[in-house]
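Report on one structure; see the data block that follows.
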Amino acid sequence: MNIIDELEWRGAIYQQTDEEGLRKWVEEKQISLYCGIDPSGDSMHIGHLIPFMILRRFQNAGHRPIILVGGATGTIGDPSGKKEERKLQSMEQISRNVESLRVQLGKIFDFEGDSAASMVNNYDWTKDVSILDFLRDYGKEFNVNTMLSKDIVASRLEVGISFTEFAYQILQAMDFNHLYEFNDCRLQIGGSDQWGNITAGLDLIRKKQGENAKAFGLTIPLLTKADGTKFGKSEGGAIWLNPEKTTPYEFYQFWINTDDRDVVKYLKYFTFLTETEIDELAKKVEEEPHLRAAQKTLAAEMTKFVHSEEALEQALKISKALFSGDVTALTADEIEQGFKDVPTFVAEDAEVNLVDWLVSLGIEPSKRQAREDVTNGAIYINGERQQNVEKVIDASDRIENKFTIVRRGKKKYFLVSYK
């Protein structure tokens, strides 16, 4: 299957500048193509991942991906999709963000072989361009009326846009032109909001490299959920690729909770499963939705891809422990992941009566209630039911000498650490 046909089947193409021309190029030769990201933060979220998944699909089809981290454009900020001016970051913060993104993106691509990926930073070819060179060599190639008509600018005219953000599309166009000239890059990929920036780059290439220069642009549809809300957010906020911001367990849980109405679409967008495999999972969604086979596959594929096989096994282990209530097999690291959002208390390093301990921490409102819950078998320590009001909590009740997990009833968990 031609890579363009595959992307169309997956519903991953929104606009193309020259579908027939691009289809011919990718059929006849290996091409270089790029997608960029600005270091506006120290981590990508799963929304950022979408265009890079397309880039990876091209690599799997034998083409050479170029990953651009915008050390230069990041100093300005892309106005696309923004209702107000971005706050500028310090160069030091941008440099730190660049390195963080390099690490995350480095896990997604293969940097060896005939279709080896490369990673570039547009600061390297932009830093020495003087303001006079910028205006003379590039500014003169852009018609202000054309720039004003692009959605990325037009949408901001009423509230105002600075010259800095107005000029962003010129800098991005310079990137495409540079990669065309020095890396033989023929295609830029981006989200649907990048169409104006991409076409600006194509215009600059034709002016700088000649009217017969062959270059293409392709954008990806905005991904929304069946309920109309924005993809990539949970109740706790964005789902990050950085495991310190979103743990692998939380990452796994995000995908496992996908709505039946969305899961097949996500399998097409985010996994490398074949059409036959996805059709089989789609059938299971229709016939056996309660088994959630599609969601489990999606969660497993994504956790392995972004994190690792080991991280997936850890997420599955945590999920199983929480479902069964048997938490004794969990490590301290797994407990920190799985119980990140439960009420957490800090206890003294001392031997204390269970009833007194529950009340002193605030898990129980009174000794009377604590005794009643213990007597009735509603209190569990590390998964074991406690019905003895005389029990003493000591070091033997700690997992790896760091945590004690308390459960009240069937699902109410509390995490206790120690001073």
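Quick reminder: no glycine exception, Cβ is built from N, Cα and C everywhere.
Look at Swiss-Prot and you will find TYR34, TYR168, GLN172 tagged as L-tyrosine binding site. TYR168 (L-tyrosine binding site) is surrounded by 23 other CB atoms, counting those within 10 A of its CB over all protein chains shown. DSSP gives TYR168 (L-tyrosine binding site) a helix state.
For 39-48, the entry in Swiss-Prot reads motif ''HIGH' region'. Per DSSP, the motif ''HIGH' region' (39-48) is made up of 3 helix, 1 strand, 6 coil.
Under the heading motif ''KMSKS' region', Swiss-Prot lists 230-234.
Annotation comment: Swiss-Prot describes LYS233 as ATP binding site, evidence class sequence analysis.
When DSSP labels each residue, the domain 'S4 RNA-binding' (352-418) comes out as 20 helix, 24 strand, 23 coil, counted as helix, strand and coil in that order. Residues annotated as domain 'S4 RNA-binding' in Swiss-Prot, with sequence analysis given as evidence: 352-418.
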Query raised in the report: Where does TYR34 (L-tyrosine binding site) sit by DSSP, helix, strand or coil?
Result: strand
Query - Among the L-tyrosine-binding set TYR34, TYR168, GLN172, as the record gives it, the longest Cα-Cα distance in Å - result: 18
Query raised in the report: Which value does the mean pLDDT take for the domain 'S4 RNA-binding' (352-418) in this predicted structure?
Result: 95
Report summary line: Quick note, TYR34 (L-tyrosine binding site): same-chain residues at least 6 apart with CB under 8 Å of its CB -> LEU55, PRO65, ILE66, ILE67, LEU68, ASP175, PHE176, LEU179, ASN183, CYS185, LEU187, GLN188, ILE189
